[in-house]
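Over in TrEMBL, the protein carries these features:
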TRANSMEM  32-53  transmembrane segment
TRANSMEM  65-86  transmembrane segment
TRANSMEM  93-113  transmembrane segment
TRANSMEM  125-148  transmembrane segment
TRANSMEM  155-174  transmembrane segment
TRANSMEM  194-218  transmembrane segment
TRANSMEM  239-260  transmembrane segment
TRANSMEM  280-304  transmembrane segment
TRANSMEM  338-358  transmembrane segment
TRANSMEM  370-395  transmembrane segment
TRANSMEM  407-431  transmembrane segment
Amino acid sequence: MTNTNSPTPAGSDATQGPVTRFLRATEIDTRLLGMVAALVLIWIGFHLYGALINGNGAFLTPRNLWNLSVQTASIGIMATGMVLVIVTRNIDLSVGSVLGFTAMIMALMQSRWLPHVFELGSPVIWITAALTGLLMGAAIGAFHGYLIAYARIPAFIVTLGGLLVWRGAAFLVARGETISPLDSTFVLIGGGPYGSVGATGSWIICALACAAVLWMIVSGRKSRQDHGFAQRPVWADTFLSALGCGIIIGATLLMNAYPWPKGIVKDYAAKNNITVPEEGLFISHGFAIPVLVLVAVAILMTILSTRTRFGRYVFAIGGNPEAAELAGINTRWMTVKLYALMGLLTGLSAVVASARLNSATNALGTFDELYVIAAAVIGGTSLAGGVGTIYGAILGALVMQSLQSGMVLIGFDAAIQQMVVGGVLVLAVWLDILYRRNAK
């Protein structure tokens, strides 16, 4: 009978260094480590630059990191869908314009159209607007997918045309105006003091997340044992459990360290008959709602891409489209569904982005397609297709947003910011090419 707990042969271990043995035992993705290291260097670099040059190291503060998490949500949500699009050897250049168009429609519904039908402040208004944005995004995506799959128009051309068409449509329906304000409940989805779960809610989420990490480790170990697969050493599973829970607890402490602004605290205290002490009242933001939306989307997209037939078909098409079609996969219909999913996620990002700004502008979503594609590629998604991860795209989105936020904090011009983003995208693709070449 095979011993599933048997260690790696001593001869092979003897030729490996301690770091290599550690990475093999814990099964940590080395590319993931590289992205995390790059992210840490970016954070430290911007903070030190601000402290030494501007005399104000404002990057590594609870306030900035909380805002960074909120700003990452919209790009991160779309990046989870872009991973699957690129995996199938396609591209979507229209996501920024589709976001702007759907956001404009939702804003018009809340501020001009639906208030004539329903009472102002009715939950029907914001719910109807949000659902319309989601469905409209999915419909636009499905239309793009149909043109790509059945009309045989290249994805680059279809989505490039969509970039121009939907940007123009957004300008046309609002006649170039900024539409605001939006429904007060809808705005909570975008974050802010009232759009956060607070300290208590954050600790509850922290406890549930830590329990989920422990359950994943234990159930994964049991599943390996049941199927006769080799297991990680106990110390490796213990380390991974401690690491996961440590990151979650650290993030919770950080989010809870950012207090409400004093003016909002005074208004809140006055409305709720709370006496504010002389030293002030500390109310934590906690996790913002858009961040929780991003986490939920990431979990669902990970399950979809790794645990379902849809996900297996996506990677099969990306690995070899001809073989996938010969195996009986309807690649055309899969393309339509994939772009519909991308459109749905873009509609959800439009909800988050417009709610955060409490308005819809003609500039909303501009260049977002570049940030989304860059996030996916930086996260390890290969433009050659067949390879990509959801968690990598989230990290890539965080890297891109960190660069943008850091450059704003230290006063870089918008032109410099665009040059850096373009350079980072090219660098990420080049590094991916080198990685694939070395892997062969």
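Cβ from N, Cα, C; glycine included.
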Cβ under 8 Å to the transmembrane segment (32-53), counting only same-chain residues 6 or more beyond its ends: which ones?
23, 59-60, 378-380, 391-392, 395-396, 398-399, 402-403, 406, 409-410
Do the transmembrane segment (93-113) and the transmembrane segment (155-174) share at least 3 Cβ pairs under 8 Å, sequence separation 6 or more?
yes
With pairs restricted to those 6 or more apart in sequence, evaluate whether the transmembrane segment (338-358) and the transmembrane segment (407-431) have 3+ C-beta pairs under 8 Å.
no
Give me the stretch from 65-86, 125-148, 280-304, 370-395, 407-431 with the greatest number of Cβ pairs under 8 Å to the transmembrane segment (194-218).
280-304
May I ask for the residues of the chain that lie six or more residues beyond the transmembrane segment (125-148) and have a Cβ under 8 Å from a Cβ within it?
90, 92, 94, 98, 101-103, 105-107, 109-110, 114-115, 118, 154-155, 158-159, 162, 166, 182-183, 185-186, 189, 335-348, 350-351
